[in-house]
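Over in Swiss-Prot, the protein carries these features:
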type: BINDING; residues: K16, L17, S18, G19, G59, R63, T166, Y172, D175; note: ATP binding site
type: BINDING; residues: G58, D78, T139, G140, N141, P142, F143, F144, T145, T146; note: UMP binding site
Amino acid sequence: MRYPMSKLAYHRVLLKLSGEALMGSADYGIDPKVINRLAGEVIEAQNAGAELALVIGGGNIFRGAGLAAKGMDRVTGDQMGMLATIINALAMQDALEKLGTKVRVMSAIKINNVCEDFIRRRAIRHLEKSRITIFAAGTGNPFFTTDSGAALRAIEIGADLLLKATKVDGIYNKDPQKHCDAVKYSTLSYDEVISQNLEVMDTAAFALARDSNLPLRIFDIEQPGVLLRILHGEEIGTLVKERNSKS
């Protein structure tokens, strides 16, 4: 389907990718074919006129919480996880730049020889100048997930929508991989997610989105062209929003 260039439903969005999304069928690391495909999806959306920010997890390289459960100091583990997100951000920057676009990586922890510090006004300026901006190192603090970092950055840059890319095509009332009668929701309110105890994001991230009335869409990143379709207003996946919101 072709869309008019000016008919975007969302102008500025933040896309949250898990680190695992970069692995493909591998058990660890980054699959070049996968990251190049994802970069192509992002470029396609940018070419339609969207301002795009990204947050990428680090679970394909390191999970601090998992090793903390086995005895590693949690703060140290989380700091190592932050470094993993920087590795992924640099890999995505490289993939995007090879496709001819301008990209900036901004880190919540100081690593000046590698990427910029996160400064809100500078980040917004990058977006206004059509530079894809990748936010790395989460919030810069231990005990907070990259979901929390994504929600925080989306609010700070004034995003119209927070997109969480997963391997499932939305939110269900129960695990669709275990229950053939699982029901998918097209739209939910924040209160419905809480009352039904649905797993959308971690509690801190979800609270940030809810309190700032930030619309959140959960969708399957494996579908070709899905990002562009969402930006043009197609109802894909599950939208979580304030009950009376028009987003």
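Yeah, the Cβs are placed from backbone N, Cα and C, and that goes for glycine too.
Here the features listed in Swiss-Prot are placed on the structure.
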residue: K16; record: ATP binding site; DSSP (3 states): strand
residue: G58; record: UMP binding site; DSSP (3 states): coil
residue: T139; record: UMP binding site; DSSP (3 states): coil
residue: T145; record: UMP binding site; DSSP (3 states): coil
residue: T166; record: ATP binding site; DSSP (3 states): strand
residue: D175; record: ATP binding site; DSSP (3 states): coil
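Rounded to the nearest whole angstrom, the C-alpha distance between T166 (ATP binding site) and F143 (UMP binding site) is 22. Of the recorded residues, G59 (ATP binding site) and F143 (UMP binding site) place their C-alpha atoms 15 Å from one another. The binding-site residues under consideration are G58, G59. Their Cβ neighbour counts within 10 Å are lowest for G59. Other Cβ atoms within 10 Å of the Cβ of K16 (ATP binding site) number 27 in total over all chains. In sequence order, A108 constitute the residues six or more apart from N141 (UMP binding site) in its chain with CB-CB distances below 8 Å.
The binding-site residues in question are S18, T139, F143, T145, T166, and the one with the fewest Cβ neighbours inside 10 Å is F143. Using the Cβ center of G58, D78, T139, G140, N141, P142, F143, F144, T145, T146 for UMP, the list of other same-chain residues with Cβ within 8 Å runs, in sequence order, G81, M82, A137, G138, S148, G149. Same-chain residues at least 6 positions away in sequence with a Cβ under 8 Å from that of D175 (ATP binding site) are, in sequence order, A182. Distance noted between the C-alpha atoms of F143 (UMP binding site) and S18 (ATP binding site) is 17 Å. When the alpha carbons of T145 (UMP binding site) and K16 (ATP binding site) are compared, the span between them is 12 angstrom. T139 (UMP binding site) sits 14 Å from K16 (ATP binding site), taking the CA atoms of both as reference points.
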